[in-house]
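What TrEMBL says about this one:
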COMPBIAS  1-15  compositional bias 'Polar residues'
REGION    1-67  region 'Disordered'
COMPBIAS  22-32  compositional bias 'Basic residues'
REPEAT    178-203  repeat 'WD'
REPEAT    302-334  repeat 'WD'
């Protein structure tokens, strides 16, 4: 099973070591759902007379990315500048796809590692002349204990990071005007890399093995084993601004920072729960958690089959967010209204990673085996695909404020 990540990363040892703790009772029965009216692909409209439930979404216009990876997908990330999607996978590669306005995709580049690739990220724009520019570089983090960088324009690849254990997470930050890579690994280390130097510019030790990481503006959030969460101000990267334990009782699988205002983050756990957590003391009254990604068998209303929350992504403009899980469904939520906006039918396999594009009109989700049922749950027939879901109309828009809270 993959370890937790903000984009559903997975690492070799955990295929067996954590399968027991995350194996929940599950059912192959698709959840009972009503059809709902939905808009078509990237702008075109589609409707059905049978669509009567406004909170039920439609997958019929979703488009598959061409030539997906040959093994399980661990992470996906859209470019912050263009319609390019980076995909990290267990076949030891990071692939970059170009997506046009009709949802057609084409592979544009790839680079290789010596082990499974667990995470990927794009460069951001720094202000100094030596900084890489926005979206011009792609980074991959691997179980081979290295991170590499691909220059999109030149096609050249170089190693830019090294850990003592598999690197489970990578993100890019801009600190002091400089582009830097942040890596987190099973050696419990958070390391900061100036891309002009082969040695880390700084590092700090987390409480446990690092499973998930997210960054937005000046905030970096790191999730580890034993449910620890570290919050970092990237302008003071050598110390933890806050350290807390997840309010959820079971292992964290993903953290994702609020957008567009990064004053808190969401946590997803293996027990089908999501927590909304604010950083500052003055905002703690806004913290809450809720159940999600659960199914009730039709013949046993007292039982709930519980599934891991593998991925959480915030919409870049609206501040709403998605959850996706081992049950093969994804949902859109409004945290401020504490309301589910849309829920979608099961997609045929576990969803391991998600991301919105920069414009917020495409929601990508990756379907692969997530090892939640151990080795015996895997098969050659298990789907391995990346889907592009068009966001149209009010699908991700928050509920109108009524003044009643």
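The first residue you see is number 1, and the count goes up from there.
Any Cβ shown, glycine's included, is placed from N, Cα and C.
With a cut-off of 8 Å between Cβ atoms, the residues of this chain six or more beyond the repeat 'WD' (178-203) that come close are 11, 121, 123-126, 128, 130-132, 139, 141, 145, 147, 149, 160-161, 163-172, 209-210, 213, 215, 220, 222, 224, 230, 232, 234, 237-238. Each residue in the repeat 'WD' (178-203) has a pLDDT score, and their mean in this model is 95. Helix, strand and coil counts from DSSP across the repeat 'WD' (178-203) read 0 helix, 16 strand, 10 coil. Residue counts for the repeat 'WD' (302-334) by DSSP state, with H, G and I taken as helix and E and B as strand, are 0 helix, 18 strand, 15 coil.
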